[in-house]
Amino acid sequence: MTVGCVAALGGAPPLPPSTPTRYSCNNGGAFLRLTFPPLKRSPFCTLKLGATSSSSINPSFQVKRRIIRPNPALDSDIPNPVDQEDNEQEEASKKQLQQWDSLTAKFAGAANVPFLLLQLPQIVLNARNLLAGNNSALFAVPWLVSIPGMFTGLLGNLSLLSYFAKKRETEVVVVQTLGVVSTYAVITQLAMAGSMPLPQFAATSGVVACGLLINFLYYFKLLNHRIWNLWEDFITVAGLSALPQVMWSTFVPYVPNSILPGIISFMISVVAVIMARIGKLPEKATKFVGSVSGWTATLLFMWMPVAQMWTNFLNPDNIRGLSSFSMLLAMTGNGLLIPRALFVKDLMWFTGSCWASFFYGWGNLICMYLCASISKEFFLAATVGLFLWIGFALWSDSKAYGFSSPVTSIKVLFLGS
């Protein structure tokens, strides 16, 4: 009697032939006892329960962990995270991310309402004074680089308009465009009243017209790249020149009234831009110069609450002249931009929006409450609303990205992993 293996599972090599051993029975018959070699562990069954080593897992079944990096100013042309998703991402997770993308875009678009309401009262008041022939009332509105000067706000809006046009953030492009147009409307009223000299107004009008035209042509991909580079160099030099001068002017008369900080920073920025364009700077330094315009615009707006609180400290009676409704609108408008900045992982945008919401809007409300300029109920309602909104943004962002904790969203934003 002959016994052999006749099958092999999954193409595996056949088992070695058995070794027959003959035994005899009482009736004279015989039967065979088959002995097999000891079983060996299959190479396909090496994974133990609870094992975490990647070497013991079939590579085709490994889950790819997607690392999210912040989107700094020097990489502002990187698309939003939805466009960076891997094809193997689960459909449900991708759908949730797309929903959060759409919702944050709507929040950013809604920020136009409080920002428009913030500027509209000044425009209406100026129009009434002009119609009544009370031109002297418009001389109280600052237009130069003193905070909160019109020229400073206009320069900041133009710089951020270029930054977000490069990122293709449509809703925020509209927000910054509205800021440019509304600020220019106030400047036009000041020029009509004679508060702003005509040569300065003509130069400002030319910059505004060129800035809006260049940014819209670039946004719709109709602009020559060399022209865009020249515009970026211009706003870089203008921002670097204005920021130190604005910071210096805040502390006058405790420091000498001088334009020396602006002149020094202007010369340094011109040299840096020229050296970057002719390739005399290292690659990292060149990228840093390219990112400066966005950060200087953000720092210009971030300096506003510092200057306002400094003024409140020197003259506490001026706090009664602040409008609680304006502070609430500023807090709301910037707060609506926070979820979008958190979603696209833009550290500069997130920093500027949070700073304006907490230090400019909420910070001035604290000063007004301490000076009994607003009621306790108004202050508590604004405070609770702001902190609930921030909590909602962090929770929703962590849920959309599949993070285990809202703190992870902040960690990814700052550290990139």
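Even glycines carry a Cβ here, placed using N, Cα and C.
The feature region 'Disordered' is assigned by TrEMBL to 71-91.
Here TrEMBL flags 137-160 (among others) as transmembrane segment.
Annotated transmembrane segment per TrEMBL: 172-192 (among others), in sequence order.
Outside the transmembrane segment (198-218), and at least 6 residues removed from its termini, the chain residues within Cβ reach (under 8 Å) are 151, 154, 158, 161-162, 165-166, 173, 177, 180, 184, 187-188, 190-191, 227-228, 231, 235. Per TrEMBL, transmembrane segment is recorded for 198-218 (among others).
Annotation source TrEMBL lists transmembrane segment at 230-248 (among others). Beyond its flanks by at least six residues, the transmembrane segment (230-248) meets 145-147, 149, 152, 155, 158-159, 162, 210-211, 214, 255, 258-259, 261-262, 264-266, 268-270, 273, 277, 289-290, 292-293, 296-297, 299-300, 303, 307 of its own chain at Cβ-Cβ distances under 8 Å.
Packing against the transmembrane segment (254-276) from elsewhere in the chain are residues 145, 233, 236-237, 240-245, 247-248, 285-286, 289-290, 292: each is 6 or more residues past its ends and has a CB under 8 Å from a CB in it. Per TrEMBL, transmembrane segment is recorded for 254-276 (among others).
Marked as transmembrane segment by TrEMBL: 288-307 (among others).
According to TrEMBL, the transmembrane segment annotation covers 349-372 (among others).
Residues or ranges marked as transmembrane segment by TrEMBL: 378-395 (among others).
Among the recorded stretches 172-192, 288-307, 349-372, the one sharing the largest number of Cβ pairs closer than 8 Å with the transmembrane segment (378-395) is 349-372.
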